[in-house]
Structure formats: structure tokens, C-alpha cells
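A.B. asks: First the structure, then my questions, so here it is.
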Amino acid sequence: MTKLTCFKAYDIRGRLGEELNEDIAWRIGRAYGEYLKPKTVVLGGDVRLTSEALKLALAKGLQDAGVDVLDIGMSGTEEIYFATFHLGVDGGIEVTASHNPMDYNGMKLVREGARPISGDTGLRDVQRLAEAGDFPPVNEAARGSYRQISLRDAYIDHLLGYISVNNLTPLKLVFNAGNGAAGPVIDAIEARLKALGAPVEFIKIHNTPDGTFPNGIPNPLLPECRDDTRKAVIEHGADMGIAFDGDFDRCFLFDEKGQFIEGYYIVGLLAEAFLEKHPGAKIIHDPRLTWNTEAVVTAAGGTPVMSKTGHAFIKERMRTEDAIYGGEMSAHHYFRDFAYCDSGMIPWLLVAELVCLKRQSLGELVRDRMAAFPASGEINSRLAEPAAAIARVEAHFAEEAQAVDRTDGLSMSFADWRFNLRSSNTEPVVRLNVESRGDIPLMEARTRTLLALLNQ
């Protein structure tokens, strides 16, 4: 019985060598096969140097468990989601460590319908079997097959189904794939739009997949990773910049001046894009920052619905509400017609179309929203006793709060400002978000007060 520390709350991630290696990948494949008893599973991998070897070890484990394997090659996580629901197979696994350091790799697991396998939905069971390693002998006669396939054309068809290509007017777009898996998909979309006669110019930087990440690990959430995209937008006079993380399940947008747009305001923008096409639809959002999304959705005739943060919660709530779209301020965007999964390609297509339809720049589309509901951005504080600190904050504001909500951590609302404070699931950190109604000095002052209370 070996303890496998690479099994995390939502996925598998570990340092290469002792935490994750080909033997462990083989065990995970066997365990997935024994637990789910799938007939066919799709596999893909990101650009990391170890992804191919880990994927093939995983395939061998699955085949030894009697599972047929379809390998879609180098791909983003969402291409595995797409392959799983499009082919109607029993599951999928993407080998990826997204934006983790160079010496890491990992896996994201789904079952039929691209439903996530995380902590309480099977991941612990797979872990238990992989740790025990007590597998039945391989039955050579019943061993699974292995086949390489390509679904990229069908995937591009699906992506372009979210917009009407005829709505696209002349646009110049900068793409930064960060040498991750997004590059070949961007090339394929460019070729398809060109063939359809769409007047969109693609300017591509760091587009070649390269597992050595010569330009750094792609994680545009970090300000130091945004400079190349910003400069390219300004240099080329582009209408918009789009940057991706390594497995492109998130995309990050920059306006025509190279300004990074916080994910919070993109949620409102995508909600608006969907409500133009689907009046009265329900939109799911997370509790960290809410006022802008609620205002935009309500004004557009939709219904905003708040869900606990995290992909498993958002997807589940979308299913129960039959919501067309769900967005988190962390740049994760979920789509009903994409099997409720998140995609980093659908958002920029919708925003590009919206820019054309509204005849306004991206900066113009979000400027009023940012002024109406200025936000602090997420501030992390490492505390010895997070629960006591949160209780201290609640006691301090208890009398003046107009509303208190515990959907996720502690949210308190006042006449012209609100905050959300939540403990991290994975580390001794509390995460603070503050927003106000059009009053930046108030938002900043309240943020200072909250941080002082937390750190007492």
C-alpha cells in the first residue's frame, strides 16, 4: 500500500519523480478502469515534456484493465471534455499540470458526459485502488485496444456554433498561447475563419507549443505574465488581446489599450452576449464579486443565480437551474451546450462577436461597468487562525450589515459596498474581495479596514 500524494481535492497534481511517474500513471489507469469499468476512454496531453510518456503509461494501465483507448494527441483540457461528450464514450483523462511549475505534471479526470471526477465523485475511490495496487492479473484476451484519432475539425465546428461568423466585422486580434497547447487550435480557428471569409486578422505570439516554456510558465493571472500580450496589442494597434494558460481552460482578455480586464467584468460581458441570443435565460455566478453581474443580467432580462465557488458546484447548479452560462471571476467560464464544462476558446469568440455587434471597443464595453462597481481584486492573507479572524470581521460589521450570506465563506452587504471573505480549501489563507457602488476611495478604505482586522 503506497500513499499517493498526487491526488488533490479536484484533480491529480504532483512533483515529477516520487509523486508522479510512469508507474503511478499506469496504476491510475488500472484503477480508473477497475472503478468505472468503462468500455472506451479518450486521452490527451498538454505540451509538458513528460505528458506523452505519462499518457502512454496511463493508456497501458487502462488497456490492461480491458479498456479501449482513443488518443487525441496534444490537446487542451477542454478538447478532452469535447471528445468525451461528442463521441459519447465512457470517460476522458487529460494529462496536464496547467500553470504549475516545470517539475510538476498532473491529470484531470471525467466520466461519461464529461462529468468531473473529483474528491467526492470518484477520485477518492480511484486513489484507494491505485494505492492498494491489488489488481487482477491482466487477461491478454480481453486487453483493450489503442488508437490515435483527431477530432479537431469537429471541435472547431462546435466552437464556431456559439457565434454567427457573419456578425464579425474587421478585427485585429493578438493571441498569446504562452507556448502551451492553444497554438494549434488558434491556427485551426484562423484557417477556418479565413475560409469563411471573416475579416479577422490574427497576430500570434509564443504560438509554437514548447514544453520547455522559453517565455515562462503561461499563467496570465500573474501580472508579470501579461507584459508580452499588452505590448503586442499596443504595437499592432489591435482591437483585443487574448492570453491563455498552458491547457487553455482559461482565457484572459486585454482591451485595445493593452489593459488587462479582470475576469469579474468578463462574466457580465458574456452574460450579456448570451442574453442577446437567449432572452430570459439563467446565469450562474460565484459569490466573491456579484453586483456587476446581477445588474447586467437583470437589466438584460435574465435571472442571476449565485453558486458556491468551484467547478463542481457551478456545474451542478447549472444543471439543476438549466442555466445557459456560468462564470467565475477567476476566468473560468462554463457553457451548457459544452456539457456544462469550462472553455477558454468560447469566451473570446463571444466577446469578439459582441464588440462587432455593439460597434464598441472592448474598453468601451467594460469601462462603465468597472466604474459602476470598482473591485479590489482578490487579496490573499496567510493567517495562523483563519476562522477566528473571519469571526472578528463579522462581529465588527454585524450591526451595520444590511445582508449576510454564507453561500461560500462570509459575504456582508451594506448600502454602497460589500465584501466576501473565504478560507482556501487547500492552504491556511483567507481570500478577500471588496466592491462598491461607483466609489473607489470607499472600496479602498474598506479594504484597508478589513485587512487590518484580519491581521490583528
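Any Cβ shown, glycine's included, is placed from N, Cα and C.
According to Swiss-Prot, the feature Mg(2+) binding site maps to Ser98, Asp245, Asp247, Asp249. If you look up Swiss-Prot, you'll see Ser98 marked as active site, phosphoserine intermediate, on the strength of similarity to another entry.
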A.B. asks: What is the set of residues, excluding Ser98, Asp245, Asp247, Asp249, whose C-beta falls within 8 angstroms of the centroid of the C-beta atoms at the Mg(2+) site?
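C.D. replies: Other same-chain residues near the Mg(2+) site: Asp46, Gly76, Thr77, Thr96, His99, Gly180, Phe244, Gly246, Phe248, Arg250, Gly344.
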A.B. asks: Counting Cβ neighbours within 10 Å across all chains shown, tell me which of the binding-site residues Asp245, Asp247, Asp249 comes out on top.
C.D. replies: Asp247
A.B. asks: Could you tally the C-beta atoms, other than its own, that fall within 10 angstroms of the C-beta of Ser98 (Mg(2+) binding site)?
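C.D. replies: There are 25 such Cβ atoms around Ser98 (Mg(2+) binding site).
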